[in-house]
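Look at TrEMBL and you will find 1-66 tagged as region 'Disordered'. Positions annotated as compositional bias 'Polar residues' by TrEMBL: 13-22. According to TrEMBL, the domain '1,3-beta-glucan synthase component FKS1-like' annotation covers 237-349. Marked as transmembrane segment by TrEMBL: 384-404, 496-517, 556-574, 631-653, 1283-1304, 1388-1418, 1488-1511, 1531-1555, 1567-1590, 1597-1621, 1670-1689, 1723-1747 (among others).
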Amino acid sequence: MAGHPGYGLPMNPRNSPFSNSPDSRRDYDTDSELGDGYGSRAGSTTHLAGNNGYYDQPGQYDPYNRVRGDAESEKYAPSVDSFATMPSHSPFNDHMPAGANEPYPAWTAERQIPMSTEEIEDIFLDLTQKFGFQRDSMRNMFDFLMQQLDSRASRMTPNQALLLLHADYIGGQNANYRKWYFAAQLNLDDAVGQSQNPGLQRLRSIGGKNAGKIAGGKSLDSALNRWRNAMNNMSQYDRLRQIALFLLCWGEAGNVRFVPECLCFIFKCADDYYRSAECQNSVEPVREGLYLETIVKPLYRFMRDQGYEVVDGKFVRKEKDHAQIIGYDDINQLFWYPEGIARIVLSNGSRLVDLPAPQRFMKLGQVDWNRVFFKTYFEKRTTAHLLVNFNRIWILHIAVYWFYTAYNSPKVYAPHNKQFPSAPMTWSATALGGAVATFIMIFATLAEYTYIPTTWNNASHLTTRLLFLCIVLALTAGPTIYIAKVDGLPTTNQIPLILGVVQFGISVVATIAFGVIPSGRMFGDRVAGKSRKYMASQTFTASYPALPRSARVASILLWVLVFGCKFAESYFFLTESFSSPIAVMARTKVQGCNDKYFGNALCTNQVPFTLAIMYVMDLVLFFLDTYMWYIMWNVVFSITRCFSLGLSIWTPWKEVYTRMPKRIFAKLLATGEMEVKYKPKVLVSQIWNAIIISMYREHLLSIDHVQRLLYHQVDGPDGKRTLRAPQFFTNNDGNSGKFLPAGGEAERRISFFASSLTTALPDPLPVDAMPTFTVLVPHYSEKILLSLREIIREEDQNTRVTLLEYLKQLHPVEWDNFVKDTKILAEESSSFNDADSSPFASQNEKRGSKADDLPFYCIGFKTAAPEYTLRTRIWASLRAQTLYRTVSGMMNYAKAIKLLYRVENPQIVQMFAGNTERLERELERMSRRKFKFAISMQRYSKFNKEEQENAEFLLRAYPDLQIAYLDEETGPKGTDPRIFSTLIDGHSEIDENTGKRKPKFRVELPGNPILGDGKSDNQNHAIIFYRGEYLQLIDANQDNYLEECIKIRNILGEFEEYSVSSQSPYAQWGHKEFSKAPVAIIGTREYIFSENIGVLGDIAAGKEQTFGTMTARALAWIGGKLHYGHPDFLNAIFMNTRGGVSKAQKGLHLNEDIFAGMNAFGRGGRIKHSEYYQCGKGRDLGFGTILNFQTKIGTGMGEQLLSREYYYLGTQLPLDRFLTFYYGHPGFHINNILVIYSIEVFMVTLLYIGTLNKQLFICKVNSEGDVLSGQPGCYNLIPVFDWIKRCIVSIFLVFFVAFLPLFLQELTERGTGSALMRLGKHFLSLSPFFEVFSTQIYSQAVLSNMTYGGARYIATGRGFATTRISFATLYSRFAGPSIYMGMRNLLLLLYSSLALWLPHLIYFWFSVLSLCIAPFLFNPHQFLFADFIIDYREFLRWMCRGNSRTKASSWYGYCRLSRTMITGYKKKKLGHPSEKLSGDVPRASWRAVIFAEVIWPLCIATIFVVAYMFVKSFPDRNGKQNPSPLIRIAIVSVGPVVWNAAVLMSLFFISLFLGPMLEGWARFASVMAATAHLLCLLGNVAFVEFLWFLELWDISHAVLGVVCVVAIQRAIQKILISVFLSREFKHDETNRAWWTGKWYGRGLGSAAMSQPAREFIVKIVEMSLWSSDFLLGHILLVILTPPVLIPFIDRLHSTMLFWLRPSKQIRPPLFSTKQKRQRRWIIIKYTFVYVIAVGSLAALIVLPTLFRDQITFNCTLCSNI
């Protein structure tokens, strides 16, 4: 934002933010210090703004319309040939530094370059003619290569620059091409002896057996030496030609860039062909575009056809899941192995490898790719991936849990007649833990078989492993069988005991071995094995960069501590305490119970059943503990790391500020080369003043603050002028309030800048030697600039506030500064206009001034002239999430480079004495050479008028901005359109005819590049336009600041490529200096600029702070950080030769950036994290948007779990790094799943213990816990109740630890007070409710994605947090993920509380309630009475809509959408308007459906029914035996379904006969539907009441009965949907046909006969669902009613949500009189309806409880049910 030239006013050179005085720029003389910064015009701000408007005088673009002779605009000359002759008539040619006129200043003749620019150009021309590359692509790649050479040559000799570039691309140790060459064993193919081993012989992967014989000529080492010598002997010309060829192949490859090894293969074929005589002798140039046609397009078509089919010229997604799609990774892996390359066959059936190498390229066009590729890893949707990838986690937990628990529950396996088992038996039973570990390994191995094609050369080690595991299983489980046989026989020998101890020893060893050794390294080491067979997977998936020793020690130490603490704590807290309940429960049989059918088989064992569930519960807690300890130790490590880096609040601020000038001089300025005569103070003052003025321009500081913060010139004692440092540095007592606006953005930025300078930074290089880098922003349809309407109009009825109002609330100080500025501007322009009017006018104006200023304070302008409205738009856009904010923030890099260049080279300023324009040009030239900014605007050519104008505005404000977009040319009918990757920038001329800018480069692509989820494809199409050595990837909702940009040279220094050895990387000894693993990614901190916007924004920001900063700091140190996101810097050559900056398979790579990180990590790149640099980042703030974001992350995680990267990392990393990876990434989500499971399992445990407590006579005990005498037949279950309390405490702790990192993060960065405040605010704002809820959302997203797939996206819009969402919308969005589950658990909890009350249960009431009501709690203005009632009306309408005509949002639509996940859609395209509602949803696999939708619900129903039967198996109050509970439950649960069917059947015939007769009556369908729904609702309610009556009005029994009924009905519905339903139509005609009875003419075709039957089943299910949703909605509304009745609740609630004082809160919406009348009437009417509905529901519950004794019926049938 710094210096958006006076906010969209052209920048006046004298106001450049870097001029030290706004007035004129004095030259430095050597002895005096700077001129007075604010000499004459200290008080006014006018001239910082300038005032010639943008749009009035079109000829005004002076600063941008560069003189055409300027070297810059020549850089992209229209045709290639003009490169040879650079015109040299630049206007400032007379006294420029040498080379200033060259396009590539570091590559000039004076510097002994190995070859001139012209020669390089000739190479490119030659290659283009030989291979048929496109001219534009060639020009682009020529410039690309020259910029890279220029960037490197500016800090080393040109010769070395070319050598190193060649080493990075082609031949060096870290070049991907060289790695591939040896991994695919092509050295054997190219070996001398082609004649001796023709054909396949030379392609066999060399195994171990015969490796000895051929060791001589073919061993790897000699091959590597031969390679190095060949490279060393190459001429520089050849080296350059190879790079050029590689770049040209890469630049046109389109989507083939995602398959790097395939690209290597193409390059190798091309290179071999070029060297052949055939190619050298051909004179005729090949036609342009041939390479694209013959090589790239066939591959592209294969990729496209995997996922899409073309129907009527439109792409239609095929309904395939990842396991059937041959994705980019599968294509790529074919080229890893010689066997794979041998599969490439031509269309005539001959193999490509059988041709001599030079002829292969010409034949590549004839390859039939469909016969070549196959799947190399099956991404099947099963949870078994968790087992394979993370088997060590399961072994470490489950096996250890077994050891612990088996030892602590002796009574379970003691013989019947004894109290305790014998010693051998104890040893042996405990030792079975080893068998458990072995079982896990066996299952993992079997699962692995299904993911890997057995044809590939990797199934052999699986088979060996399986055999070995079976032997281990025999050793660890066998002895137990023997010992159990002999146990109790009267033998005296010690054999069983010895056997047991040995078995225990073996088990422990096995568990440790399986827990520590990665499964990929057992039997055939794929990581470090020497065999050539594994070389490829070693190279591409397991070249993990080694950690430095200290970090490795830290890594091991962290995990030793975590697991040490965990195993100790879990043993004493979980297992030992569990032993007493086990001892009590293991042998208990329940007496005196009986069931009509099962006798006492089930009910006597109720206690052991309960014990089994308790075991499961304990295991889940055992897992949760680990995560808790991990968080604690991670925080400890992170904070110690923080102190060792020197970043913390506990360094006194005073010191931080007073030392800042020295630190700026020492760390940010490259002063090594400078002459000594300039004092440090002079240099620092320029940097500091520039930062302060840039903040002033962003309206963060007012003018008086600026005065106090700047360096001023004063007259010294001896008459010389000296600089006076601001008091901020000289007497700062650490209280920044008197210098900066308190708590504002300026304070935060300056304090971060100050504290970041305390850490160690790499030394910067001088500006002209720094590397060139590019910022790349992918943009799809994000807002570019807010329009005036968006700012000052409300979005809709529910918003209550305009965007501008809201922003003014959030940034009051900045708005104030902005208004002051505008007023000055307005006065000045009016004084220009009214100069000739009378001088006496001013008196009258004074009086009206207050009122006159109102418009400024309201909307920021008074006249609607474009330049004023534009300022307000920009002010708002810079505070919302817009692209303009990102661009203006990132353009600070250009400013920073100019500033540094000027400060460090005073001689330049002297050279241009007084000619500011030339100076500015020289600075521009440097910033343009070192920094490029590209936006990839995929939709640019399809923008609407407004977007078009905004994009044009960006180009005019920042002419150096480059926009890459997709341009389509429709071909003749029937052919695909041609699509071009096109680049324009602000210097491109505008074409008179079209009004569009003429592109600089226009490269044709093989076809539509967007085959994936969009973002990665968008980055990939624009990647060919980046320049330089490094890339910074930025999202379109980020921001950057000048003071951060000044650190750019330090951050690029982290890549460790500043001081490169001067040896040749190919020399005999020199190559040793290039063996260090390259740095691939540098992560940086993100500051979430929405952290102070209410509780949700703060939670989101806090998550990001702890994850992005705290965790990342520790993870990066011990080598576990992967790339997430977006201020990260990438090593461009490293990433682009390894498959690009992100992966792009649709669906699978939903979180594209983490895959880039895993890819880089597995291929040997280091990933660092820097603490001293941060970018701003926006996060969505509404409840819905936050949860959307979480759903996206969750589903993305589900996809990652399927991916091969997780498989490689999980099965190949050494233990400590594996644990770091696991707990840093998937562990978080798996922990969330387990937290939710723990709640569910705990509810079931409570239910079972509750049934025991309710039905059995519990012993009373004395204080020591001994049972008192005189209680015959009592059951001692007291230890069990203690265990429950313990469980609740540990679940609570696990949850509470989640708040610890945030608290400590605040503590270290901002001090104790701030940390306590923030925590307190969170708790007062009920953020724990949100946390529980979001945990459920996360885990549900991961799980449903693992079972059904279809990363489905429900958009709720990006609006801000003030919009109120209606009850029905929230209900439909969150019912599936959370509300249903919450309500089921509420029922269980209700029973447990009735049967077994403990005060500890209050915590559970809160967490289960939060699952149901969190969405409503965090909905703004939820509790306003009027809106609440209107919501109720909306809810009723939503429930009943959509039967007579299609409605976009209705209950029916919601219900259909949620079942299509299982049924899928019909394939036939019948074309119908309402089909838009359905995306492309693949149907879930039948295995997943049978398990999730049939078996699992049945199991749950069984569990509950068993509990119910136990309760009913005792005699009732009168001592009579109960009739069979099974029949009772069956009648009550199946009854409603039968009733629904009957009602529907009769109505079906009525509508079938009446419907066509009453066709004229539009509401007929609605009436039918309403009747049906009402009858079914009544039926449901009646059956529940009936159940309660049968239970003789006993509440707890009735609740338990309802629990069973719900479980059974749920199972019935799921089975009906998943088993009996065929695929769904995409339209809802059948629904309307059902109610109107009109089945003909609906476009159903032949299905019109079968559809009624299907629809009948659907309707049965729908009726049950509808009545349950209706009741649930009312229950929720009742829960939400009490707060509505509290006075002033809305004030309180808004304070809680937005953290705004009531006085600052947002006004209620204004309604017209008519609207008010309407609303009043609605409210009166619906309040009445609501009261009646709730009253009748309440009556059904309250009346029976009050009159339970009076209401009795004598019915003989009832007493038998």
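Residue numbering: from 1, along the chain as shown.
Keep in mind that glycine also has a Cβ here, set from the backbone N, Cα and C atoms.
Whatever TrEMBL says is automated annotation, not expert-curated.
Here the transmembrane segment (1567-1590) has Cβ contacts under 8 Å with residues 1440, 1443-1444, 1528, 1532, 1535-1536, 1539-1540, 1543-1544, 1547, 1550-1551, 1598, 1601-1602, 1605, 1635-1636, 1659, 1663-1664, 1666-1668, 1670-1671, 1740, 1744, 1751, 1753, 1758, 1761 of the same chain, all six or more residues outside its ends. Regional average pLDDT for the domain '1,3-beta-glucan synthase component FKS1-like' (237-349) in the model is 90. The DSSP breakdown of the domain '1,3-beta-glucan synthase component FKS1-like' (237-349) into helical (H, G, I), extended (E, B) and coil residues amounts to 74 helix, 10 strand, 29 coil.
Among 384-404, 496-517, 1488-1511, 1670-1689, 1723-1747, 1670-1689 has the largest number of CB pairs under 8 A with the transmembrane segment (1388-1418). Counted over residue pairs separated by six or more positions, the transmembrane segment (556-574) shares at least 3 Cβ pairs under 8 angstroms with the transmembrane segment (384-404), which defines the two as touching. Among the stretches 384-404, 1531-1555, 1597-1621, 1670-1689, 1723-1747, the one making the largest number of Cβ pairs under 8 Å with the transmembrane segment (1488-1511) is 1597-1621. Non-local neighbours of the transmembrane segment (1670-1689) in the same chain are 1367, 1371, 1375, 1379-1380, 1383, 1409, 1412-1413, 1416, 1422-1425, 1428, 1432, 1435, 1439, 1573, 1577, 1580-1581, 1730, 1733-1734, 1737; each lies 6+ residues outside the stretch with a CB under 8 Å from one of its CB atoms.
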